[in-house]
Amino acid sequence: MAKKILILPGDGIGPEIVAEARKVLDLVNEQFNLGLEMQEALVGGAAIDATGIPLPAETLEAAQAADAILLGAVGGPQWDTNPDFQIRPEKGLLGIRANLGLFGNLRPAILYPQLAHASTLKPEVVSGLDILIVRELTGGIYFGQPRGYRTKEGGVREGFNTYVYDENEIRRIGRVAFEAARARNKKLCSVDKANVLEVTVLWREVMNELSAEYPDVELSHMYVDNAAMQLVRAPKQFDVIVTGNMFGDILSDAAAMLTGSIGMLPSASLDANNKGMYEPCHGSAPDIAGQGIANPLATILSAAMMLRYSLGEGAAADKIEAAVSQVLDQGLRTGDIMSEGMQRVGTAEMGDAVVAALRA
Ligand code: NAD
Ligand code: IPM
Ligand code: MN
């Protein structure tokens, strides 16, 4: 049966990098006879400009009907000053995550050996790096109520958000992380701020309770400030990290840099049945948008994750990942992963090289 893929290019470099992932998907669709049907829709700033809102009903319906979704990125300075917080590009992305119940965000930080010198860290610190950040994606301070921005009596402005998780939300992301650790090196580090925040006291309790069901997985706990430091000091001590929405957002950008560039980090956002949305961890990079120089590999690798997790097409995913490795072997580099002696290429050339490697 045909599988429906919804493609959401979004803003900034989004359309540029998604176009390259699309070339790759179209080719493996043909090579592996996958029966993928691709459809595009508007989200984020592009949707605001066309319809007035970041997540048009039509896009949400298409997302609900799709077997999987591939997203570029949303956001940009031209939409950052809208006083109505609902009319922000980022709300489109958050709306899809929330409406589809995509609570399980997997962000694998893997260093391709060819890029050991592209990282700003010493090669010996990062070589062989393979960690997985499991980030809770539909709760925590991103969604907690009450929230708001208001002017108090006397004209003093205040903004407020609520950091809240109930035990069920913690347990379901905990299970995702324990299962992932079980399938890997059986080490799980739960990151919290249980020395200060009650919500993460509960987080730690629930992780400890779950650990009884996973005796084969070694559970440890770390405060988020220390975790940020340890990720840069000695990242290979980690196997799987599990944490809440905001800490996971921040730590995954830090982890991205261990792999050479944020342009290398893909992600999967999954519901309880492995339906998902796939996107690079980076944003719309307004500073380089329209120049044809963005790295499309995180998006191409996100397409590979989509094939593996939501479509059960592991062989096609493996082939894409091998093709990415081959183009790195050939010495091709976008600016963000450039190092001495390598050949600088643009977004489309990089995509074309992956396609050529897939055809070879
Ligand atoms: P960003 O990730 O867009 O950019 C940070 C830096 O990394 C920039 O210097 C950028 O040029 C560089 N970079 C990012 N992706 C790259 C790539 N593929 N190749 C080469 N370089 C790359 O973060 P930001 O500047 O903080 O945010 C810009 C906009 O993106 C904001 O509106 C933000 O809300 C949005 N954003 C969206 C998502 C998403 O859609 N998932 C994620 C993060 C940020
Ligand atoms: C990400 C982004 C988003 C987040 C923003 C754009 C809403 O930074 O996917 O990492 O904070 O989750
Ligand atoms: Mn982020």
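Glycine is treated like the rest: Cβ placed from N, Cα and C.
Owing to the predicted nature of the structure, the values given are computational and were not obtained by experimental measurement.
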So TrEMBL lists Arg97, Arg135, Asp225 for substrate; which of Arg88, Arg107, Arg147 goes with them?
Arg107
Which of these recorded positions is closest to Asn295 (NAD(+) binding site) if you go by CA atoms: Arg97, Arg107, Arg135, Lys193, Asp249?
Arg107
I'd like to know which of the recorded positions Arg97, Arg135, Lys193 has the most other Cβ atoms within 10 Å of its Cβ.
Arg135
Candidates Arg107, Tyr142, Asp249, Asp253 (recorded positions); nearest Cα to Ile293 (NAD(+) binding site) turns out to be Asp253
Cα distance, Tyr142 (site 'Important for catalysis') to Arg135 (substrate binding site), nearest Å?
12
Secondary-structure category, per DSSP, in which Gly283 (NAD(+) binding site) falls:
coil
